[in-house]
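Asks: Below are the structure tokens for one structure; questions will follow.
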Amino acid sequence: MLDKTFTPKDAEPRLYAAWEDSGHFKPKDDPDAETYSIVIPPPNVTGSLHIGHALNNTLQDVLIRYHRMQGKAVLWQPGTDHAGIATQMVVERQLAAEGNISRRDMGRDAFVERVWEWKEKSGGTILNQLRRLGASCDWSRERFTMDEGLSKAVIKVFVELHQQGLIYRDKRLVNWDPHFQTAISDLEVENREIDGHYWRFRYPLADGSTYRFPIAHDEDGNPTEWEERDYIVVATTRPETMLGDTAVAVHPDDARYAGFVGKSVRLPIADVEIPIIADEHADPETGSGAVKITPAHDFNDFMVGERHNLPRVNLFDRQASLLTEDDGMGGLDRIPPELRGMDRFEARKTIVAMMDDLGLLDGIDDKKVMQPFGDRSGVVVEPYMTDQWFVKADVLARDALAAVEDGRTTFHPKSWEKTYFEWMRNIQPWCISRQLWWGHRIPAWYGPSIVLLENRGDHHLIELDYNEPIPFVAQTFEEARKVAFRHYEKTDGIPNVIKSSGEHIYDGSFDLVADRQAAMSDDTLEIALWQDEDVLDTWFSSALWPFSTLGWPEETEELKRFYPTSVLVTAFDIIFFWVARMMMQGLHFMEEVPFPDIYIHALVRDEHGAKMSKSKGNVIDPLELIDEYGADAVRFTLAALAAQGRDIRMSKDRVEGYRNFGTKLWNAARFCQMNDCRPHPDFDPKTVKATVNRWILSEAEAAAKAVSAGLDTYRFNEAAGAAYRFVWNVFCDWHLEFAKPLLSGKDEAAKAETRATTAYVLDIAMKLLHPFMPFVTEELWSQTAGEGGRDTQLIVADWPRLDGLVDAGAQAEMNWLVDLTTDIRRLRSESNIPAGAKLNAVIVGASAETKARLDRNGDLLKRLARLDAVTLGDTIPDGSLQTVIGEATIALPLEGVIDTGAEKDRLAKEIAKVEGEIARLDKKLGNERFVANAPAEVVEGERAKRADYAAQKDKLSEALARLG
RNA sequence: GGGCGAUUAGCUCAGCGGGAGAGCACUGCCUUCACACGGCAGGGGUCGCUGGUUCAAUCCCAGCAUCGCCCACCA
């Protein structure tokens, strides 16, 4: 005998272990089976399960379990992401907390080793938490983005893209995170509006000349007042960069400055002359119309600088403090000695004060400004000149764009395609190098460039220039060495060279060594080859996930079977980071989209609709919910709320409600058990005779089809809702009640049929719910087994594919009985008849069909509506409660018991309601254009409704009249 | 500045051209032999506002208002 309730805490670990032991998480071996695969969006190895993961993985598990039950070979590929910055951060913090030496003191190798240790020890947390949720991943295939195999894929992809000219190295402005001292991509920058200022500076004209500048205008914009100026006013939100200005730009059409283009201003403090140039970037409407140009510290200015060939003067070191050493870009000379080494924000204050002292501060305006922050570090990001590796994302985007345009891949809901298109069409070069230690080290080795100093005919005087190194990209050092050899051999003068600083002549022999300190020995010219210090953006490896996890570049069996995957399930916040990049890499390297469907689900938000985050402290912990209500309840809640295109606001009440639903199912099974409803191996649903049984089979078929349809179209909420309504509102509320008299009756044949049917339908209910509530259903499955036990665990049981069980006659009859029962109960309740009181019912004006139905279901009606007797009559007894079902009037004689006044009120209210409906329909049917234009069946339907209401009204009026 | 979405019962949300729905909360009755994590019955909404299309609009279109999100180089 089942307990009264299910105990998730005890059952979940046991059931999960049983599934895993049975091997059902692995794709089945049948080579003929249709395949179905999903790669998990790999959580950060540092992560712990938050509610967003819970939603994401619940939906995936629902799909996986659904398709597994359909007999497919199903692979849910799990794994984690190495999460460069995040992980490095965690370990560094740990080092600091333990009072250990810092990353830099440890050195690269020791630090990386330390991170691996951490990963082995603590990296599996989130995957274990997924197990608690019930995720049926194939854990034997667990992957990590820095696994040997995946790393091989990453390196191969980098090298091939480089060979194809799609990866290149460039010195340009990048988003620089001064905290982590690394470049980050555009996507990792979070723009936030803050209260800032515009500082207006006066840059004196270099030649000391003056001009009249309009300072007031009339309504038409014509100047009315002027002042004499010997300076140009520029504004900035970042005064600390002014020392790097290399021009002042004005608009070519700006009359106010027309005479100044080509002249110069003297840049204060730095004390250098910089030109006034004409460029459309300057907006005459904004500020003074003149704008300072700082090519090394501003993205716009960088472009202006390119157009006008302006020098790029960098001011900052890697921590965004003013330079203390010469970087070869001329910035140091512009920085007064007392400012060198000063932090950027300190420098800002100091420079403003200095300008003020010089009488060159024109004013300060308060203004809201958008400021870029590093999404991980939270510090202000600086545009910074560095050498970095970039992907030509625009080229790769073409195919990825086309694949969605032509429908090879479809977003669900489709509206996200617009977002995808928008970004893909405006895609920028992707900066993929990171100045970190934890990640895939870039497979590029540098050698010095050769500077030919002198051609001496049979030999040359050269110099090795280590400041302008040449990158050699290859999968291994040995490969890079070969490439480098070819390069240097081709370079004029490598054979027969003279070392620049010496007089030794080398006779064509040189060697390449992996040592940056390499130089020359007496008989061999040694050229150093050293590997790039940087690692790749974490998303570079994530982009390969759908094929790298399946073994690529090896042509594995899994790759053949499971690529392309069936669907990607993810939240919209990583469409750009991840989805778009998987599309690009998948198409480029596999020449096939990584997935035909992309299901974008909502973000789980807090009660105010804000994104949940640790820093806001508004996080709902799914593990706590699981502890309290069980995994099934949490899963069902998430699925039921996963309507397309909306945010989900989690509430505990909801979880509790669905926990109760699990209990309801549990007790229905308990009832079946108590009544010997056991699955019968020979049961054929097509042969059942009792109306009740034919009816519940009809309903079961409809429910199974609704659940399947919902899951086939990623409408998880509809699928969950259909299952919920079927189990609670149909099977429990009505079928079990209908079945009770049969189960306790004397007709053994009917009893046996009802037992078998009820058990059969309970099995269907468990199957339909299994993808959503795997634990409680699996537990019940094992505990409700018939004589022969179960052939399989529920996890691999056949998904219900019911057909041909719909019986319209049975449905009509049982719906009639439901209506009749409900109506009588309502009469009782509204007239305050004690629940225990048994009444008689007299049916007046019954048709032959109604009589037959009463004949068949009279006992059932008596039980459900708590009646003593149901009889047919010609007249309505005095003092009856009355209601109308179809053509018949139901009377509950209560002479002397009922409150006539109250009953009159009740009837009058009901009549008014019916009259309202009739009036509405009359208006509609009286409209000629409705009758003429609406489809015939709609018009017919409305007419029929009106007739029903009219008949009902007549009977109710009659009843009222009889009360006097 | 551009784009997307939301506005439906007290709360959280479904529905989306032809009679307004769910969960929770609320009211009344019921410890009826599966279930009080329950049963039965009920109350509660002019579906943000204004126009338009249509025989018919909560649903389609336009505008407005409010809220939210994403993207963007305005100094």
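Each residue, glycine too, has its Cβ placed from N, Cα and C.
Note that TrEMBL annotation is computational and uncurated.
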Asks: Please find, within the list A:76-80, A:611-615, A:676-680, the residue stretch that TrEMBL describes as motif ''KMSKS' region'.
Replies: A:611-615
Asks: From the ranges A:43-53, A:120-130, A:285-295, pick the one that TrEMBL records as motif ''HIGH' region'.
Replies: A:43-53
Asks: In the motif ''HIGH' region' (A:43-53), how many residues does DSSP call helix, how many strand, and how many coil?
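Replies: So the motif ''HIGH' region' (A:43-53) is made up of 3 helix, 1 strand, 7 coil.
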Asks: Take the domain 'Valyl-tRNA synthetase tRNA-binding arm' (A:901-964) and count its residues per DSSP category (helix H/G/I, strand E/B, coil), listing them in that order.
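Replies: So the domain 'Valyl-tRNA synthetase tRNA-binding arm' (A:901-964) is made up of 59 helix, 0 strand, 5 coil.
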